[in-house]
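J.: Would you mind keeping the following structure in view while I ask a few things?
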């Protein structure tokens, strides 16, 4: 299947399997600047010609005064070009010399002049190196992004070769047709799929790119994705309805293509995750009524995996309490395994983004089930035994009242944390508004992955973060909690905190109730059993079901208290969990820019990365224990108590928390916020340093606002009841 490679289609232009575009010229091959001070090193002037006399070299280094002198001498002007048609604007563009480009344009440079071996424009030279600030400058002054080079590639195609999503977003907002083709009928989507850039594929598909478009040989984007074998690209194309049986002009389907190119593993995996068998046909569950239940897969799987744990928890408790310990424990484990196996079978037919338990409401259902069966046990067993059924003078009405109160609070705040909008940052109303935001960020030199979300197409406020589970940016994002199946953000953070407090107090009060309950019911119980001490034997023999339930709910106290402790410390420090783990973003680290405009910060990788994690600044590594540690909140707890957090220890001296106003003020801001406790707050509203702020529209840190004295859209302000931040 060697002919499948895109290089073979364009044999006159490319060689091998890279299918990379021809470089702008032999000189351009050496242009790999990382900073503005690095210049194109090809064909430097010889001894007979000084740097000041070589207009091309002056353009490379961006020496505007020297260029002015050359123009004043009358030897050159901005329209000068060499024998290959290359102009000073070409060299300034490929080396990201923004000031030089602006100077040349203002002095009459031909902005769409073609030159070099590939006969390309300055815009294409700049796009080849992902210099999107220079690209934007050229576009503002009339550069045509649809002009093609010698190979038939326009600026969108050339930009796709490098996979820089920010540059592609900029170009798409210029009105370039997303399905524009090159000489051989390849769309940008095909190139992104072939190069293995899942983020670019996702961007083009969300922009409306056709998954059914074919090139001259009948290849679709899905065929090209199978050449590279990128699972992310293949999966995304199938999700958007790519034809799994489309044939090329030679009759080859994607399945045949995958087999001949040894990418069957990625192909079959993508098919499975999208609900198809290995032949590409819809997978049909063997259980009765499956076609009815799976009409709406997402709704059915979500509801099933929330309520099925109710059966799991009940079966575990009954199994373990119905037999001696050496039989009950294995029986309980077997029951849990069997019930989870059923859930796993349902999960096989879930949408592709719900194929793992931690991406579903499974853990939420386990907690809800524990809460439900605890309430049932209290109402049917413990309540009467510790009030009306207790010996005279040994009733515990007050303790029962306290438990009922904490139980009710836990239920309410649990539901509030789960159902309330966590603080999703509002999206733009259309492409025009998105373009206005992009233009504003470019004007402020803030167009980068730190300040712009390519998924939501919005300017990201400070302290916000894009949640890959919720697929939205969340204002003052704390963390995504699998136990409430929701993000914890500015809108529901306090509800989540009250949920933890109520849960902790509820478990403690119930344990006290159970102590008095067993003291009453176990007086005549046998002390004989296996393994356990006589006291525990009496409790289990008196009421084994309640005993197992007590052990189960008390175990929850471990992770709850760790999480509660961490949250108390973070509130006192005016930090979120994300900031505690990965550092504080205050909007001041984006002044130093690389040639692409990305921040000079190792914690913020370029969006040209090909992996799914390219848009966020850290990688999640580790096996099952690490995953369990994150799920139970152990990681932030350890980071907090050991002082190894991102804003503690060695990093403490590097950056002060601009959001902290002192422990007392921080706590007052959080706890005395006028937003309703029993109800939903206005989206993004909060208190910071005693002033009302809107975290869904905060773009500069308070410390920077204090220095500059600005109180506009780029920061925060105290507002009245009719004012909007």
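Note that Cβ sites are derived from N, Cα and C of the backbone, with glycine treated the same way.
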J.: With respect to the membrane, are residue 356 and residue 546 annotated by Swiss-Prot as being on the same side?
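T.: Each on a different face of the membrane, per the record.
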J.: Given the ranges 443-463, 464-484, 527-547, 548-568, which one is assigned the annotation transmembrane segment in Swiss-Prot?
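T.: The range carrying the transmembrane segment annotation in Swiss-Prot is 548-568.
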J.: Please report the number of other Cβ atoms within 10 Å of the Cβ of residue 481 (active site, S-palmitoyl cysteine intermediate).
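T.: Taking all protein chains shown, residue 481 (active site, S-palmitoyl cysteine intermediate) has 22 Cβ neighbours within 10 Å.
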J.: The transmembrane segment (304-324) vs the transmembrane segment (496-516): three or more C-beta pairs under 8 Å (separation of 6 or more)?
T.: no
J.: Of the residues in the topological domain 'Cytoplasmic' (348-364), how many are helix, strand and coil by DSSP?
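T.: Tallied per class, the topological domain 'Cytoplasmic' (348-364) gives 9 helix, 0 strand, 8 coil.
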J.: Within the same chain, where does the transmembrane segment (327-347) have neighbours whose Cβ lies under 8 angstroms from its own Cβ atoms, ignoring anything closer than 6 residues to its ends? I mean 6 or more beyond.
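T.: 285, 287, 301, 304-305, 308, 311-312, 315-321, 354-357, 360, 362, 544.
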J.: What average pLDDT does the predicted model assign to the topological domain 'Lumenal' (517-547)?
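T.: Summarising the topological domain 'Lumenal' (517-547) by its mean pLDDT gives 78.
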J.: What does the DSSP secondary structure composition of the repeat 'ANK 1' (84-113) look like, as residue counts for helix, strand and coil?
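T.: Helix/strand/coil tally for the repeat 'ANK 1' (84-113): 16 helix, 0 strand, 14 coil.
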